[in-house]
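Noted in Swiss-Prot for the protein shown:
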type: TRANSMEM; residues: 16-36; note: transmembrane segment
type: DOMAIN; residues: 28-310; note: domain 'ABC transmembrane type-1'
type: TRANSMEM; residues: 64-84; note: transmembrane segment
type: TRANSMEM; residues: 153-173; note: transmembrane segment
type: TRANSMEM; residues: 253-273; note: transmembrane segment
type: TRANSMEM; residues: 275-295; note: transmembrane segment
type: DOMAIN; residues: 342-578; note: domain 'ABC transporter'
type: BINDING; residues: G376, R377, S378, G379, S380, G381, K382, S383; note: ATP binding site
Amino acid sequence: MHNDKDLSTWQTFRRLWPTIAPFKAGLIVAGIALILNAASDTFMLSLLKPLLDDGFGKTDRSVLLWMPLVVIGLMILRGITSYISSYCISWVSGKVVMTMRRRLFGHMMGMPVAFFDKQSTGTLLSRITYDSEQVASSSSGALITVVREGASIIGLFIMMFYYSWQLSIILVVLAPIVSIAIRVVSKRFRSISKNMQNTMGQVTTSAEQMLKGHKEVLIFGGQEVETKRFDKVSNKMRLQGMKMVSASSISDPIIQLIASLALAFVLYAASFPSVMDSLTAGTITVVFSSMIALMRPLKSLTNVNAQFQRGMAACQTLFAILDSEQEKDEGKRVIDRATGDLEFRNVTFTYPGREVPALRNINLKIPAGKTVALVGRSGSGKSTIASLITRFYDIDEGHILMDGHDLREYTLASLRNQVALVSQNVHLFNDTVANNIAYARTEEYSREQIEEAARMAYAMDFINKMDNGLDTIIGENGVLLSGGQRQRIAIARALLRDSPILILDEATSALDTESERAIQAALDELQKNRTSLVIAHRLSTIEQADEIVVVEDGIIVERGTHSELLAQHGVYAQLHKMQFGQ
């Protein structure tokens, strides 16, 4: 992810504006309603002059007759405009949140695997949920305050200047002083807000780890460790919030003090005979009341800066993700079905952020329809080889060919359509069994095809025992299934996909011996006429492979058939002896 660029608030908002612009009709309606709302308040104050000078001054008693009707009308107008503005702003805010979340979700789906290796799931979830909400809610709340309070200030100033420009001119001095005060605290607000976004990600990550690993926490007695971890990040979040409150609380009294000094000076100036001669009781009441009324919008405008800076800080974290480079998909070649010839030529690969290569000078040919097994100790590079075929990572040196063409010549969609993957880490979705088997292509397959795939994977036995059979919801990541059942659903998914290239990465590791024997027949059938790359820990499952390749520290050290490798008395023979106790 790129570093958060310290963009100015204006630059950040300009970049956000194209997301808001399609919904500007709602903003315009809300703006008009807010201005009318502020105007009704200002006009209400202006009624004090005729009420005092004419009504209670007994020069025009009719004022007391029409005044109640005007007040009722103004309150009705105020209520209507308040509803319209709130509704329109909420509508725009909801649309912006939805748009930002969709952009983030779509962009993240196009990110390379290396991106997710470096980012915690909790932080990314926080970006999609919390930060995107902050952008819209803070910005919309700030907009309401700026328009309504800004209109109030302008209206009050106009009215004050109309009734007594001599007294009102004093308040003009306030503007630059208030502006300086707001600018001073702006940077502080934005800095704290950025820290709050990051801390919220840590809170989400800590909670997510506990929820996902709840069984491990219980079995290993990790309650105290997880509690301390969560207490630490939640307290950090609290401290950041207190810093924000502190900065906001300091700015409020400063602005109010400046305004009160100006107000005191106005009262003093009003006592001058030259000024008093031109003032009536109604006029001085209107001007003085307007000055007091200015306190609220001035305070709100000071607070809105913190709110707006919080939204812009969240916006910058989202733009940092949106600026991250997605998977390179520069290939043009599109095929319906590959023959399945695979070849690694002098391939070297290093994981991003590491210095030592995970694979070095790998040369490997897998003819179409043949089965090649990769064996070796944990961390030797077996799964890395498999992940390069699907271009989850791009190699540093060399070439990987499919049907004689470099993998980078194919579009990613076309390439990955040729590969079915069953790994030891099966991910299932909170959906029906049938939809998990036919994942992403439910419309392409008939019910009979889905059932046949499940039957071939020896999954129908336990599926039929479920309340709703294939239509049973299996919970998040198949929480309602055993490890072996989840694995068989994944194998059924691969059987249904019917791709020419098959990768089995410890595909039977979660199965008991009896289930493994049962499903091995289905896997043998699945591997017929397909290019198969089998990564196995149990050597008994790969003895019939056309070729067995032994990987050690990222290098191919042995290759041959099962019997040939045993005869060499090398690494494979040692692994075989360790497993079978010979």
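Note that Cβ sites are derived from N, Cα and C of the backbone, with glycine treated the same way.
Values in this document were obtained by computation on a predicted structure and should not be read as measured data.
When each of the binding-site residues G376, G379, G381 is scored by how many other Cβ atoms sit within 10 Å of its Cβ, G379 comes out lowest.
Of all Cβ atoms in the protein chains displayed, 23 besides its own lie within 10 Å of the Cβ of K382 (ATP binding site). Same-chain residues that are not part of G376, R377, S378, G379, S380, G381, K382, S383 yet have a Cβ within 8 Å of the Cβ center of the ATP site turn out to be T384, V551.
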